[in-house]
Amino acid sequence: DLQYVVAAARAIGQNMQEYKVIVDKSTVPVGTGDLVREIIAKNQPRPVAFDVVSNPEFLREGSAINDFMKPDRVVIGNGSVAAEKRMREIYAPLGAKMIFTDVKSAELIKYASNAFLATKISFINEIANVCDLVGADVKKVAEGMGLDARIGPAFLNAGVGYGGSCFPKDVKALAKTAEKAGYDFRILKGVEEVNRLQKTLAVRKLEKALGSLKGRRIGVLGLAFKPNTDDMREAPSLEVIRALKAKGALVSAMDPVAEEAAKKVLTGITYCESVYDCAQGADALLVLTEWNEFKEIDFRKVKALMNGRVIVDGRNLYSRKQVEAAGFEYYGVGQ
């Protein structure tokens, strides 16, 4: 939906009095720079020179300031010497590596980057599913893969799938861009399908451990799509909890930050103040977000509070040895 970009371009054109560099920081479809240029030119009362630059942001939720101040790279798509000079001056204090290219390539770099990371997540989740079947440990497999400099360790953490405001949207947008250009981006369709199925994994593991979920109380640890944010957009917890409720389970949930945001989109569950409140009377605990607060819980205390002895670790936050030593049945992802 480019309505706000279009409105901004129109307003800029109507009010421009002298040469300006118009910088688009948003993640937008390839060709948006051309559209912005056309709208500005069309709405100028009199011809005024300007340049449109694509300068996509690569900020992560929870670390945006650090990512801005210490970027891996700064991507700038432009077509003029004057615009490049201005952009170099702006970013000079950061001392970051700068990549200059055309506008369309810059727009595509952002989509391609996020789609590749989503692909990496879906790939390691598929490896995890194979590990479950053959008796291998995905954490060790990922460690061995990540030590290869060509691969690297980032985004090789198996779990219940990706979410948030970027990866799902950008994967779809890149596939749509390709489709409009007459190309079938088959890999991305697979990435989306794997992620969709991965969100059902936690429910399947709970059914394996407990049988029917009707009337069972499930304590859910973590609601946000990732730690250090309250963002519930496309969070795996949404589909997981809705599936649990559909099967008749009673759900208690705890998130150290996202509770208020979750209440707007998840009803019919009990929100708890602590891990231990969430464990009270639970037949199973289910980890959906890898918050630091969950790493050092007292398993003996949790065991005393629970009715059951099942922990489904959807983020591989714990070690099997640690959990089983405390007297629980442990179900991880790919281990």
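Heads up, the Cβ atoms here are built off N, Cα and C, so glycines get one too.
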- Task: For the substrate site, TrEMBL lists F58, L59, R60, E61, K110, F155, L156, N157, A158, G159, G163; sort out which one of K208, K214, K226, K245 goes with them.
- Result: K226
- Message: Of the candidates T27, T267, T270, which one does TrEMBL list alongside E61, K169, R233 as binding NAD(+)?
- Response: T27
- Same-chain, non-site residues whose Cβ lies within 8 A of the T27, E61, K169, R233 Cβ center for NAD(+) are G164, S165, C166, F167, P168, D170
- Item | Cβ packing number for T27 (NAD(+) binding site), 10 Å threshold | 19
- Integer Cα-Cα distance in angstrom, F58 (substrate binding site) to C166 (active site, nucleophile): 10
- Within 10 A of the CB of R233 (NAD(+) binding site), the number of other CB atoms across every chain shown is 17
